[in-house]
Amino acid sequence: MSDADPFDMSDDDDNSVLSHTPPKKQKKAPTTKKGGSKPLADVENESFMDGIEESNNQDKDTNVSEKYQKLTQLEHIIKRPDTYVGSTERTTQHMWVYSSESEGMEYREVSYVPGLYKIFDEIVVNAADNKQNDKNMDEIRVTIDRESGEISVWNNGRGIPIEMHSKEKMYVPELIFGHLLTSSNYDDTQMKVTGGRNGFGAKLCNVFSTEFTIETQDSRQKKKYKQTWTENMTKMGKAKITDAKGADYTKVTFKPDYAKFGMTGMDDDFEALVKRRVYDLAGTAKVAVKLNGSRIPIRNFKMYMEMYTKAIRRERGDMGPAGKNEIITCSPDPRWEVGFAVSDGAFQQVSFVNSIAITSGGTHVNYIADQICSKLAEQVKKKNKNGATLKPAQIRNHIFIFVNALIVNPAFTSQTKEQLTTKQSQFGSKCVLEEDFYKKILKTEVMTNILHFAQQKADQMLKKTDGGRRSRMNNPKLTDANKAGTKEGHHCTLILTEGDSAKGLAMAGRAVVGPDLFGVFPLRGKLLNVRDASFDQIAKNQEIQNIKNFIGLQHKKEYTDTRGLRYGHLMITTDQDHDGSHIKGLLINFLQAQFPSLLKIPEFLIEFITPIVKVWKGDPKNPTKQRSFFTMPEYEAWKEEHGHERGWEHKYYKGLGTSTTEDAQIYFRDLDRHLKEFHTMQDNEVELIELAFSKKKADERKGNVRQFRPGTFLDHSVDKITYTDFINKELILFSMADNIRSIPSVVDGLKPGQRKVLYTCFRRNLKKDMKVVELAGHVSGTTAYQHGEGSLQQTIVGLAQTFVGSNNVNCLEPSGNFGSRLQGGADCASARYIYTRLWPFARRVFHNHDDPLLTYNEDDGAKIEQEVYVPVVPMILINGADGIGTGWSSSTPNYNPEDIVENLKRMMDGEPLKPMQPWFRGFTGEVTAVGQDRFKFSGIIKETGDKEVEITELPIRTWTQDFKDKLEDIIKAEKTPSFIKDYKDYNTHTKVHFVIQMDEKHMKTAIAEGLEEKFKLSKTMTTTNLVAFDPERITKYASVEDIMKEFYAVRLKYYERRKQYQLSEMQKELDKLSNQARFVQMIIDGKLVISKKKKAVLVAELKEKDFKPFPKVKEAVKAGETEPVVEEEEDSESGDTEVLSNSYDYLLGMPIWSLTQERVEKLRRQIGDKELEIDTLIKLSKEDIWKRDLEDFINEWRFQNDEEARRQRKVANMGRRTSSKLMTTGRGGGAAARKRKAALGDDPDDEDFAAPKSKKSAAAKKTESKGGGLLSFLGKSSAKPKPSPADGGDSDDDFDMEIMPKKSRGAPKSEPKADPKPKDEDEDIVMEDSDIEEIIPKKSRGSSKPSVKPESEDGQAKIAEAPKRGRAAAKPKPKPKSEDEEDELDDDDFMEITKAEAAKPSAQPARSGRKTTKYAELSDSDSDNGDDLLGDVSKMVKGIGSTNGASTSDSRLLFSERSRPGSSAGLKTTASKASKPSEFDADETDYSKLVPSNTPRRSLQVKPKDAKVSDDNEPEDDDDEPVKPAAKGKAAAKGKSTAAAANQLLQRLVVGRRKMLPKPPPRLPCPLPQRRTHRSNPRPRRPRRRS
């Protein structure tokens, strides 16, 4: 050791006190300084040591050898201890120490010697380091002898090897503890997380001890080693090595050299500091720690942290139990433990690195603190918007951080290891705090403290807005009092009104009382709730600043009178409604929170009240009697007492704007009646204001609202209003109104806005589409909706939405874009563009038989919507409900109607309920119960390749666009590393379909973690907040079963009432029928004479004969069924006699011709039927009636679901054309499509949407048709049976063999027939294969079908079903069709066109000279093939009127004859072929009778009357060449007879029609020249009558 340079510290210069670089990087030693606390590095020139030894007498003549000295390492440590162990001088500072008295931590002033503390710490850290070397170590024992000053530290685990060092030739324990610069931590290539680094450690303790003993046992060598050093390690005793059995352990016992630290022994402060360090070990080393033989109760880091928070509470005087979130812990990595607590306004930290107590923090503390402060800064910015920006250091002052970390090869500022300098990148691990950790932090008081600090910081800003006693204010909205701001200002009154409209009333009153003492200022909406607002928010609130300026208020000033203010009184003038009460409350809240002393000044705050109802007699301008009411309960009580009096008129004053200027002047002339002073605020009333407006009092508000009882109102007859009465009797009405608007009823599951919409729709019987914006206007006018129509439009849209996650049963039918699951309804179109109507299903839910039993609300004396509906099933469970009110919120998921109906039936049968789980229509994912009242909704994800996954369902109410945004964020990798490469979007408005590509590495990780978890494809929904209004008050239900039981009880009562009501009504009808029968019979028998008598006499006679009077005149109409009943006009002077006479109008109003014996017989039959009906109802129980309604409901539910599924299948099976412009290909014609269709189980009747079948099969199908002549053939479908009435009219195949008629094109550019409404030239329609079959109208139909299929009820064109037809009527004499007539053929028209086509001249343009027709997909028609496949009928019916078989039609060619992309083969001509025999040739029917007279017909030349575009009138149509009119008689002169022509027609159409056509491609495009307009809403056409 003597050969070593005492200043050579090259082995440890990476971690020297001058080293600020990571390990293994060398740095030149800087120039040393006198008394420096930093160790020295390599020194080449000893001249650098100048100044090491101080000279007190520099004038002495000393030689150079004495001046320059070289010390040994040991001598240098003793000479300059501050370089190694810190200062040896006593230091006083505030530190955390252990208090034996309070048995906890204590933050106090401590006087200690840092060097002494450090040598003890080195031994403790060595013991803790052994835990990293041997994981089996589990105990540390520390013994402190206060009397002798001796300290010992014992630990088990692997001991020090008792072996001879091969190089140093000494035992290893002696080498480690008795020789400097020895360590096992010099290999920086090893990633060690121990505290030892420099090779000093325990040797420093030995050096500064008078006695130092090491004792260790090696179980492998079975030896025990003990050795003692004395006199500052200068004397070493002989090692004692003995044989021993037992476990390994190491024990260090030392007695510090207190003299070198200026101490005589251990004092109280040092003992407290040593004990705190022992407790540090217990909390951080993860081993059992004993102090003086007793086990320390601290088991983990969290318990250790709680010692500090208890001390903080104790210092505050809070001796209560710790809060739930007082200490928040997080351990995102095995090497990190992080704790958070709220500080008292200064940043505090307690941290450990490898069990070393880091008193000055360092990079590890900054690493954690920066993350927390960054998250807190985000929240501060959100909650303190537009306020003063806080710096991170200001936020840091409010947090207390605990860190226990294991850092690889840590570097410190000095050997004292008070501050870590290792860079974050070299920690060897990461500690990214979890999101849940942040959420828990935000729930503590830290945010409140930070915001409070921000508010204090903003005080200066608020003082800038303080008002002063100025005589003039610059604000155009303010009408200032003339004396405001003067010495008489305290007599002035500032009137605050609710909006500009109310300002007019105040201004009119101001004119009465004079402008000198009254000022007026209108408020804009509701005042800010300053109870939980920041100062920045208040400072930016213009209304509050205006009030401060106008009154002259100064921030935080205490007022005892108003003499220093511009206004001495503040008058609130608002509407007498709930919102007006809320505005008053907000103003009171502002004054109490900001200027509480003002509310203790008498007469400062007053309110101006106006009547809410006025009643009078006589002329409203000059009434004989008049009375005003200031509350509705007060008016209702008066009405109950005086309702029988006649002549009273009433008027509701819903707002201050209802009052006229004359009314205002009357009010202000009687100020004593209309002014109500608020009583001075009492101390206990402050809590009431906080209860009403503080967010922290939400739970207390729930109880307050539940205690509300209907009929509560504030009595305005008192002179002064207390704040207690205002809160409990007036403001609570606003809270209740808010809850009623937001929380649904348990009976019908509706909120008032939804109820108003349904009431309006039921009242209007809204069966036709109406714009949403228009319906909102009707609802607002019908039901007195008092809020904006925008929210009402959203309510209507919500009732009609059907996408996954919305309604299970929608009451309104959507017609237009009402939103989808892409954005959760946010993608809904504007209310101006969408339509809705009542869904027919709605009356299955809200039965009309219940309407007379319901209680209706009233507004302004008029009946409006019901208080509550009583649906057949609990809609609150079927459609769910969500809402947030005052103090209450509600969240009820959707349930399956099938399950609900089954359980209702089980309740009727007395059986237990089956458990139900949430269910959403259309959701294909999995729903599982994950605990009591908790359900997990999982999406669907599956692995489709080595690097690919497919997502086909998302958790409920996770919208497609939101999930797509998340995928984009993952790809951007701004927050977290990306684990996906790309994705493909195949989503539709109803289906979810993502295909995601991943790297192989990430794919394996995702599979190991779970694909569902990796992509967050699950969401939990709870049923713990089932809040709803029961029939009496707001209630929180414990379970869904409780809601079912509550609904069951209410609904069953209504079924009993419904039965009684129906029996009562039936009995009335029976009595009327009986009286009518007896009345008519008596007249017939001559027992009653009604002629030549006065009405009064006749009424008296009827009463004498016991005819029952029915006073309702409306019932007289029912008495005569559909016959009109004569009602005599009322005479206001006739009085009770007239009322009595009207009661017999059901008899006297019967028509004279009904006074017959036949009528008597009919009435008797009706009486029998009615009696039978009554008996049937009597036998039914209320449960039976309910079960019948439930069956109707569930059958309709299933039918609607089946219909919706069928419509979706048909739309999905519709083909897609090839588009040369958009580069899309056709779909649906291949084997794969047929296979897919078969797999879906599609109805084979959906043929009109499928690709055409082969010609062979088509021909075979047609040959099965039965004979019977042309007319019999025309009356039936060729291959389908006649649909039954149960099918709802025509079947899908009713469209077979029908086409649009086409007129001759004799004249250039002539229109065959104009459509009933203009067509858009930009719209094309592709005629489908079903249209090919629509050639001949069906005989069975009473009227022909329109050219465009009518719309279904949901606004979409019907695809498969034709509208029901009425009975055929006689057809008048044919006349030329007008443009407004339908475009279809009946039997006679068909023959007329046949004859016209036969009369056309032959036109055979060269096919080679034709231009190639372009095709594009521009169709949205209902079927796949257009009528362009057929061309004119005469094109297929060759030979009619022609002897040579050539074509005689100049109509456009068959679509199949045109050249098509990818096919140059046209339709083979059949003109020269002879007619084949047909089974219809033997028919003897004379079809010539069907042909009109032989008057020659020329080609029609129709001049266009407007811009309507027809099928054949396009400028690009090169086939439509002008043709001269045919010569007269040409059709008759040509070869065949009319009958033969008809037979030829039949042959072509029935037997050989499909043979004539080549097999068309799966999807035929529409030729651009032949453009047709698709009318989505065709105008109804007049049906043509058949003769």
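Every residue number used here counts from 1 along the chain in the order it is shown.
Placement of Cβ uses the backbone N, Cα and C atoms for every residue, glycine included.
Reduced to three states, the DSSP call for Asn126 (ATP binding site) is helix. According to Swiss-Prot, the ATP binding site annotation covers Asn126, Asn155, 183-185, 196-203, 415-417, on the basis of similarity to another entry.
For Asp575 (Mg(2+) 1 binding site), the count of additional Cβ atoms within 10 Å of its Cβ stands at 22 [all protein chains shown]. Asp575 (Mg(2+) 1 binding site) falls outside any helix or strand according to DSSP and counts as coil. If you look up Swiss-Prot, you'll see Glu498, Asp575 marked as Mg(2+) 1 binding site.
What Swiss-Prot lists as Mg(2+) 2 binding site is Asp575, Asp577, and the listing cites sequence analysis.
The compositional bias 'Basic residues' feature in Swiss-Prot is assigned to 22-31 (among others).
Residues or ranges marked as compositional bias 'Basic residues' in Swiss-Prot: 1365-1375 (among others).
Among the features that Swiss-Prot reports, compositional bias 'Basic residues' is placed at 1571-1587 (among others).
The domain 'Topo IIA-type catalytic' annotation in Swiss-Prot covers 743-1190.
Annotation source Swiss-Prot lists site 'Important for DNA bending' at Ile884. For Ile884 (site 'Important for DNA bending'), the same-chain residues that are 6 or more apart in sequence and have a Cβ closer than 8 Å to its Cβ are Ser742, Ser890. Annotation note: Ile884 (site 'Important for DNA bending') sits in a strand segment as assigned by DSSP.
Proximity to Glu498 (Mg(2+) 1 binding site), defined by a C-alpha to C-alpha distance within 10 angstroms, is shown by none of the binding-site residues Asn126, Ser183, Thr416, Asp577.
Annotated pair Lys203 (ATP binding site) and Asp577 (Mg(2+) 2 binding site), C-alpha to C-alpha distance, rounded: 84 Å. A coil conformation is recorded for Ser183 (ATP binding site) in the three-state DSSP classification, outside any helix or strand. Note on Asn126 (ATP binding site): other Cβ atoms within 10 Å of its Cβ, all shown chains, come to 22. The two recorded residues, Ser183 (ATP binding site) and Asp577 (Mg(2+) 2 binding site), have Cα atoms 84 Å apart.
According to DSSP, Gly201 (ATP binding site) is assigned to a helical segment. When other Cβ atoms within 10 Å of the Cβ of Glu498 (Mg(2+) 1 binding site) are tallied across all protein chains shown, the result is 24. Using a 10 Å Cβ-Cβ cutoff, Gly201 (ATP binding site) registers 25 neighbours. Counting every protein chain shown, the number of other Cβ atoms lying within 10 Å of the Cβ of Asp577 (Mg(2+) 2 binding site) is 18. Classification of Glu498 (Mg(2+) 1 binding site) by DSSP places it within a strand. Per-site Cβ counts within 10 Å over the binding-site residues Ser183, Thr416 peak at Thr416. Counting every protein chain shown, the number of other Cβ atoms lying within 10 Å of the Cβ of Lys203 (ATP binding site) is 26. A mean pLDDT of 89 is what the model gives for the domain 'Topo IIA-type catalytic' (743-1190).
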